[in-house]
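S.K.: Sharing a structure here in structure tokens format.
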Amino acid sequence: MTDKLIIFDTTLRDGEQSPGASMTKEEKIRIAKHLERMKVDVIEAGFAASSNGDFDAIHTIAGLVKDSTICSLARANDKDIQRAADALKPANSARIHTFIATSPLHMEKKLRMTPDQVFEQARLAVRFARKFTDNVEFSPEDGSRSDLDFLCRVLEAVIAEGATTINIADTVGYGVPELYGNLVKTLRERIPNSDKAIFSVHCHNDLGMAVANSLAGVKIGGARQIECTINGLGERAGNTSLEEIVMAVKTRKDYFGLDVGIDTTQIVPTSKLVSQITGFVVQPNKAVVGANAFAHASGIHQDGVLKARDTYEIMRAEDVGWTANKIVLGKLSGRNAFKQRLQELGVSLDSEAELNAAFMRFKDLADRKAEIFDEDIIAIVSEESALAQEQEHFKFVSLSQRSETGEQPQAKVVFAVEGKEVTGEARGNGPVDATFNAIEGEVGSGSELLLYSVNAITTGTQAQGEVTVRLSKSGRIVNGVGTDPDIVAASAKAYISALNKLHSKDDKLNPQRA
């Protein structure tokens, strides 16, 4: 048995199924590049048959990412599998992940198929997938609630047809660690050809046990692949959290006895990127990536950490990519110093044009904000990368506002529509409401505001505000992000960013689970 644990990231597929987390192709590419930089073994880039947009995203990522295996989900039918194979053609290393439900409830109520029909469809699906690649994964959907004898029969057959990874899906988060771990163990013991495949675990967090179940599947069951997402992103209560799995296995190598190839210094930057793109703010007390994950408020704890860090810290903040909240640059800093700091932070831009634009944003911020922190730089670069990839139909220019006690605030917003400046003026119940009314009065998008949130990038009254706006129109949901020391200006930028995404022609459809 190998001592390497394979990390399979499904942020771009299962994570995107979280309501409101739908991503554009460009956003998926940005995340995929970060996952590759993190040295994730397998990236499930989407569900090729679900939409033209997902197919295009998988195809593009397959051509750009060279150091990770690129995977597409496919239902157990020839049409889906062919679509996945076509999307994966540019990949250096490709995997087709096919699935069908095996629990009595799903077979009867959802599929309306007999067990024998499911057995045959699973077997033939893997056989067909093997025509395109020798890297085929099979998942029995709702595996944790399936009949054990039937599950053994199906898995033995698909391994015989050439499945190289068997993924035991706890689709509804029903499992508990000991039972789930023993399920994986029993399957490996009872299936005669189980040694011909790597067993994998895929757990949901409905009962708050996704990470515990996954680790039990590894320790008790002998699985050697874990399927997970950044920040535990996923539908309902989410999926297994990649950062928690990786750091648990690395920190407790004495217990698990496994190696992971992940560059852990990329965990926090990738977490922040996913949070920004999806609009899902990471809770402060979230393990590993939460803002308070390495904070010590107790006097006893603080005293201990000052004397010896390992008294209360079982891992180092810098090992997962946290940087010290220190002043790094100022308004007199030049382009080379800015570029050097980006390299030290592990941040890359795709072109000199993006670097120049980010530097100009930095200089503008430095004129308005006395102290520039690492977090400010990361926010600038992240927003600049997003702007470079957006179809910029609308562009923020300027904002002025007036507010007096007892009167409704008034906002005046200047923005460009396909290069031509327009001015919107409106009142509202607050300065942000007035600003949105001013923009909407000129655009008339007819969209619905689903979410408005503000996050301080650093501490202090001069901190930049990062605003997330989520809009919905005709069943389509998009997120826009804007940053600025002026919260109202950041709000205007975020609203315009969301409008640009609504205006784009991207064909996106949230995949239906596996």
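Backbone N, Cα and C atoms are what each Cβ position is placed from, and that goes for glycine too.
What you are looking at is a predicted structure, and each value in this text was computed from that prediction instead of being measured.
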S.K.: Of the candidates Asn182, Asn231, Asn239, which does Swiss-Prot annotate as part of the Mn(2+) site that also includes Asp14, His202, His204?
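M.R.: According to Swiss-Prot, the candidate sharing the Mn(2+) site with Asp14, His202, His204 is Asn239.
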S.K.: Out of His202, His204, which of these binding-site residues shows the lowest number of other CB atoms within 10 Å of its CB?
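M.R.: Result for the binding-site residues His202, His204: minimum number of other Cβ atoms within 10 Å at His204.
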S.K.: In the region 'Regulatory domain' (395-514), how many residues does DSSP call helix, how many strand, and how many coil?
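M.R.: Within the region 'Regulatory domain' (395-514) the tally stands at 30 helix, 51 strand, 39 coil.
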S.K.: Across the region 'Regulatory domain' (395-514), what is the average pLDDT of the model, as a whole number?
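M.R.: Mean pLDDT, the region 'Regulatory domain' (395-514): 86.
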S.K.: Starting from the Cβ centroid of Asp14, His202, His204, Asn239, which together make up the recorded Mn(2+) site, report each further residue of the same chain whose Cβ lies within 8 Å of that point, ordered by sequence.
M.R.: Thr10, Ala169, Thr171, Cys203, Asn205, Ala210, Glu227, Cys228, Thr229, Gly234, Gly238, Thr240
S.K.: Of Asp14, Asn239, the binding-site residues given in the record, which has the fewest other CB atoms within 10 A of its CB?
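M.R.: Asp14, out of the binding-site residues Asp14, Asn239, has the fewest neighbouring Cβ atoms within 10 Å.
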